Amino acid sequence: MAAGSRTSLLLAFALLCLPWLQEAGAVQTVPLSRLFDHAMLQAHRAHQLAIDTYQEFEETYIPKDQKYSFLHDSQTSFCFSDSIPTPSNMEETQQKSNLELLRISLLLIESWLEPVRFLRSMFANNLVYDTSDSDDYHLLKDLEEGIQTLMGRLEDGSRRTGQILKQTYSKFDTNSHNHDALLKNYGLLYCFRKDMDKVETFLRMVQCRSVEGSCGF
C-alpha cells in the first residue's frame with residue numbers, strides 16, 4: 001500500500017475514534033463531586049418516585065381496613081432484593097467499602113430496569129403523573145450509568161459497563177380489579193420503595209466518604 005494511502009487510512013481511523021476518545025476523556029475531567037451530585041439527584045428522584053407511586057396506589061386501591069393484612073401477606077412482605085446481601089442498619093453500612101456499596105446499589109437498580117417500564121400501567125388513569133413509563137426507565141438507566149461511572153473512577157479510573165444482574169423483579173400486573181394482582185403490585189411497590197431508599201442511603205454514604213464537605217446535609 002502506498003504511503004499516501006496508508007496515511008489517509010490512519011487519518012480516517014483517527015477521526016472516527018476522536019469522538020469516543022473525547023467522550024472518555026471528558027468523563028475523566030468531570031470532578032468527582034459533580035458525578036456524585038448528579039447520581040444523588042437521580043437517586044433522590046427515584047426514591048421519591050417510589051414513595052409517591054406507593055402512596056398513590058395504596059390510596060387508590062387498598063381499603064384502609066385491609067391495609068394491615070395486605071402488608072403482612074407473604075407475597076408482599078418478601079422482596080427479591082432480600083436475597084442480595086445488603087446492610088440492614090447504619091453500622092453494617094459503615095462497615096462496607098465504597099465499591100461494595102456501589103455494587104449493591106447497582107444490583108438494586110438493575111433489578112428494577114424492566115419492571116419500571118410497566119410502573120404506571122397499574123393505574124386506570126394514566127394521567128396520575130406528568131411523566132411516562134419511558135421517563136421512569138430512563139431515570140433508572142441514567143442512575144445505573146452514573147453508578148457505573150463512579151465505580152470506575154473509584155476503582156481504576158475507567159467507566160464500568162455491562163449489567164451484572166440477570167434476575168429481576170416480575171412485571172407489574174395491569175389487572176387492577178383482581179385481588180391477586182393488587183396483592184402482587186402492592187408488594188412490588190413496597191419493595192421498590194424499600195430498594196430505592198437503600199440506594200439513596202448507600203450513595204450518600206459513599207459521597208460523604210469520597211467528597212470533602214459533602215457530609216453536612
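Each Cβ is built from the backbone N, Cα and C atoms, and glycine gets one as well.
Note that the structure is predicted; figures quoted are calculated from it, not measured.
According to Swiss-Prot, the signal peptide annotation covers 1-26, on the basis of experimental evidence.
The Zn(2+) binding site annotation in Swiss-Prot covers H44, E200. Cβ-based neighbour count (10 Å, all protein chains) for E200 (Zn(2+) binding site) stands at 22. Look at E200 (Zn(2+) binding site): DSSP puts it in a helix.
Annotated disulfide bond per Swiss-Prot: C79-C191 (among others), in sequence order, evidence recorded as experimental evidence. Residue environment of C79 (disulfide bond) contains 19 other Cβ atoms, counted within 10 Å of its Cβ in all protein chains.
The DSSP secondary structure for C215 (disulfide bond) is coil. Annotated disulfide bond per Swiss-Prot: C208-C215 (among others), in sequence order.
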Notebook entry, point to check: Where does C79 (disulfide bond) sit in DSSP terms: helix, strand, or coil?
Noted result: coil
Item checked: H44 (Zn(2+) binding site) to C79 (disulfide bond) - Cα separation in whole Å -> 21
